[in-house]
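**Student:** One structure, as structure tokens, below. Some questions next.
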């Protein structure tokens, strides 16, 4: 799993020219700020309306949005730092990478829980209020972070126990594979495969059950079925993070002359695109969320056009 999403050789010939580096960083920061603005508006909308923060489905969605914002911030920070300093302190790198891995592992688990909530709402509607309570929802979110902590902090503890003290004061190119080099870290990939298989089985089961219920049913069941499909697409994108090196090798096989450009494109696909999908799944597809978002966006536009409205 490549947390930084950006793996560069230490060979200087693989570095971009100054103009190309500026263009790539400007594009990345512009896209990142746009996604963060959309996500920030979603969070603001969620906090202001009881219909959202008292609904387990929207709580899980906002948790996914917050998780994406943290991951987006860490990965973009690593990308920009790789151009400004190229190498940074190993201790700082460990801190940033740990947070990136935390949020990376969180995403598939959150998607699985959201799929189960859709399944209960469609296939067990009479028990939905009993099973999907606010308290249980926050407990599940805590469980997601706890499971992620077990796998992520294990990497950190192994790093602290096996590396000499000098490493923590050294400067390295900040990337997970450069930081966690012990053979146990390589063997852990098998655990991630089992973990992803479990998430896929959950999505397949919920989709099959919802698909069966959607035959001849109302629009809500069909909408839930389409939502599960989007969850599957999100999971496919999330899986690219775990097999990013294979994806990049495939692209480099096809475009061997464009090494740094292939790495930039793969970074956008692996790290940025999944963060862009999340707001669309609920924020723009969901009718209720869309109505409230329009209200806030229109109010912001009107205030920027007519400052007098801010005084009222």
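For all residues, glycine too, the Cβ spot is worked out from N, Cα and C.
Feature list, courtesy of TrEMBL:
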TRANSMEM  21-38  transmembrane segment
DOMAIN    38-282  domain 'G-protein coupled receptors family 1 profile'
TRANSMEM  58-81  transmembrane segment
TRANSMEM  88-105  transmembrane segment
TRANSMEM  111-126  transmembrane segment
TRANSMEM  138-160  transmembrane segment
TRANSMEM  192-214  transmembrane segment
TRANSMEM  226-247  transmembrane segment
TRANSMEM  259-284  transmembrane segment
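What's the neighbourhood like for these features in this structure?
**Tutor:** Note on the transmembrane segment (111-126): residues 56-57, 60-61, 64, 132, 140, 144, 198-199, 202-203, 205-207, 209-210, 213-214, 217, 220-221, 224, 227-228, 231, 234-235, 238 of its chain, located 6 or more positions outside it, place their CB under 8 angstroms from a CB of the stretch.
Within the chain carrying the transmembrane segment (138-160), a Cβ under 8 angstroms from the stretch's Cβ atoms is held by residues 59-60, 63, 94, 98, 101-102, 105-106, 109-110, 113, 179-180, 182, 184-185, 188, 191-192, all 6 or more beyond its ends.
Same-chain neighbours of the transmembrane segment (226-247): 1-3, 5, 7, 104, 107-108, 111, 114-115, 118, 177, 189, 192, 196, 199-200, 203, 206-207, 210, 266, 269-271, 273-274, 277-278, 281, 285, counting only residues six or more beyond its ends whose CB sits under 8 Å from a CB of the stretch.
Sequence-distant contacts of the transmembrane segment (259-284), counting only residues of its own chain at least 6 positions beyond either end whose CB sits under 8 Å from a CB of the stretch, comprise 2, 5-8, 14-16, 20, 24, 28, 31-32, 35, 38-39, 42, 58, 61, 64-65, 68-69, 71-72, 75, 79, 107, 227, 230-231, 233-234, 237-238, 240-241, 244, 247-248, 251-252, 290, 293.
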